[in-house]
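> Copying in the features that TrEMBL gives for the protein in this structure:
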type     : residues  : note
REGION   : A:1-38    : region 'Disordered'
TRANSMEM : A:44-69   : transmembrane segment
TRANSMEM : A:102-129 : transmembrane segment
DOMAIN   : A:104-333 : domain 'ABC transmembrane type-1'
TRANSMEM : A:141-161 : transmembrane segment
TRANSMEM : A:192-216 : transmembrane segment
TRANSMEM : A:253-277 : transmembrane segment
TRANSMEM : A:312-333 : transmembrane segment
Amino acid sequence: MRTALRPRAGSGGGSATAPHTPEGPISTPNIAQSRPVRRPGDRLFRGAAVGSGVFIVALISAIGLFLLLQAIPSLRANQVGFLTSGVWNTTSATDLQFGILYLLWVTVATSVLALALAMPISLGIALFLTHYAPRRLARPFAYVVDLLAAVPSIIFGLWGIKVLAPTLVPVAEWLNHNLGFIPLFAEGNVTIAGGGTVFTAGVVLAVMILPIITAVSREVFERTPREHIEGALALGATKWEMLRTTVLPFGKAGYVSAAMLGLGRALGETVALYLILSATTAVPELSFFDGGATIASKIALGAAEFNNPLTAGAYIAAGLVLFLLTFVVNALARAVVAGKKEYA
Amino acid sequence: MAKRIDIKDVNIYYGKFHAVDSVTLSVPPRSVTAFIGPSGCGKSTVLRSLNRMHEVTPGARVEGRVLLDGEDIYAPSVDPVEVRRTIGMVFQRPNPFPTMSIRDNVVAGLKLAGVRNRKKLDEVCERSLRGANLWEEVKDRLDRPGGGLSGGQQQRLCIARAIAVQPDVLLMDEPCSALDPISTLAIEDLITELKQDFTIVIVTHNMQQAARVSDQTAFFNLAGVGQPGRLVEVDDTEKIFSNPSQKATEDYISGRFG
Ligand SMILES: Nc1ncnc2c1ncn2[C@@H]1O[C@H](COP(=O)(O)OP(=O)(O)OP(=O)(O)O)[C@@H](O)[C@H]1O
Ligand SMILES: [Mg+2]
């Protein structure tokens, strides 16, 4: 039955000896001996790449060094423990008292709350946009989400304190009333009715970091290889099962990186929180209904005191902590993403 | 197990593009049917219409009827997810789930179907891997990622995954096109074995392969550029390769095509 399978014309039969050139053998350069050619384009690009790498590292080190050098004299003059105290009293340069503790609490609490709220919502939006929404709807919707990222943070601050805070007060009161036995929902060091709490700030930050987390996750989810998606569907997976077996594992690392980008933005956010958080000198209750300031908003609040180098140094020391915090967050994110490399 | 397929007057579209024109064809149970034809003539498209994978592409649709032992898989009451559970598919490029171990890959379909019993899963895992002639090579590393296997092993893993759910029909779209001759032979032998239990439809560009493994061969062709693909003829493989009734078929299999 295979008799009809004649070899195709030209397959394998075309190795006629090449005609000799009249000039005789051509001396070809010996490949083994010739030195590797350095092409100018390669060299230029290599130089540029190495140069920018070195420049970035140098710049970051310089910033760190600058912060450190400025902070050291103030840290020496500090009358309280910088890492162990929460008092902030820098009005008198001779009796300098500054501790990072309360600022650190408010910074971490607002950012983590924002992340906890934004992560599931972003995940939902990203999955909806990539796998559920009809195409005609997905594009404009994605555009609107991206537009959120373009809103200046001062607008978010105004909206947060003027519109969102009053609306959230009943929610906050309900939480405090029903879940008050959990320390996070107990009374804080400012009034819940005023709205200038970590709770409000966290919600506003969540809205602010939603677009970046959504956009990055969407990009990653969209890249899930088609053959994996089809492999799952062909096995009889429902849509959700397909997402769970292919899209989510594939996009996990990207989603975590996206969240860390968002966290980085939340940690550094200044103006919005400056407007929202009620200032207080009271000791925080480690509750979502605390007020106070984040590291960044405290620095902004203290701008008037920067003319004195010792006072300025106190704020710079706080800035240094924020700097290290974002570094640690990034390193953690990398560790999470690098884990389980084998399955990448 | 091993059901018969009757494709009745099926037209397939990608949006407005009419990709395949009026195909009628029957696949008897426990046999291998090969789809051959030039690139772009719609072999994959027809194959994917048999387990309702075609409609996964946005805008794509199928008209006509595909009967699985007399039951129309395109009837409105039929859930495509159920159809895909009973009609397995092996793709051109091996596509094990990269985040899963070899074991989890094999039993992925069972887990989707709700089987949780560890003993039962292990049993099916071993049986499927043996069925796919892969057991000896991987039995010591079932917990390693499936993506760490060679291409040929990955493809056999995908076959194991497809047969683990005991489908009625197995569809294969150029399953050997990314493999070396040894792995290809291994998979061809496997197809001959699987034929005892499953109804198999295989797309291939390799004429020798069609001749070696199939009982029945369907030749598809394009009427012209931009025209829909169509079924030229379908007959016993022996007849198609020795004495086809259409001139176009003879031209194609003898390499005088185009
Ligand atoms: N996702 C798609 N969207 C639009 N048109 C498509 C799509 N997939 C395939 N087609 C078109 O449908 C026709 C048939 O394609 P198909 O993939 O079925 O061909 P094939 O016979 O499998 O070819 P090959 O041998 O190259 O795999 C072609 O004209 C192709 O361009
Ligand atoms: Mg194809």
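Glycine is no exception: its Cβ is also placed from the backbone N, Cα and C atoms.
Just so you know, TrEMBL annotations never went through curation; they're auto-generated.
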> For the transmembrane segment (A:192-216) and the transmembrane segment (A:102-129), check the count of CB pairs under 8 Å (sequence separation 6 or more) and say whether it reaches 3 or more.
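They do touch: at least three Cβ pairs between the two stretches lie under 8 Å.
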> Which of A:44-69, A:141-161, A:253-277, A:312-333 shares the most C-beta pairs under 8 angstroms with the transmembrane segment (A:102-129)?
A:253-277
> For the transmembrane segment (A:44-69), which partner among A:141-161, A:253-277, A:312-333 gives the most CB pairs under 8 Å?
A:312-333
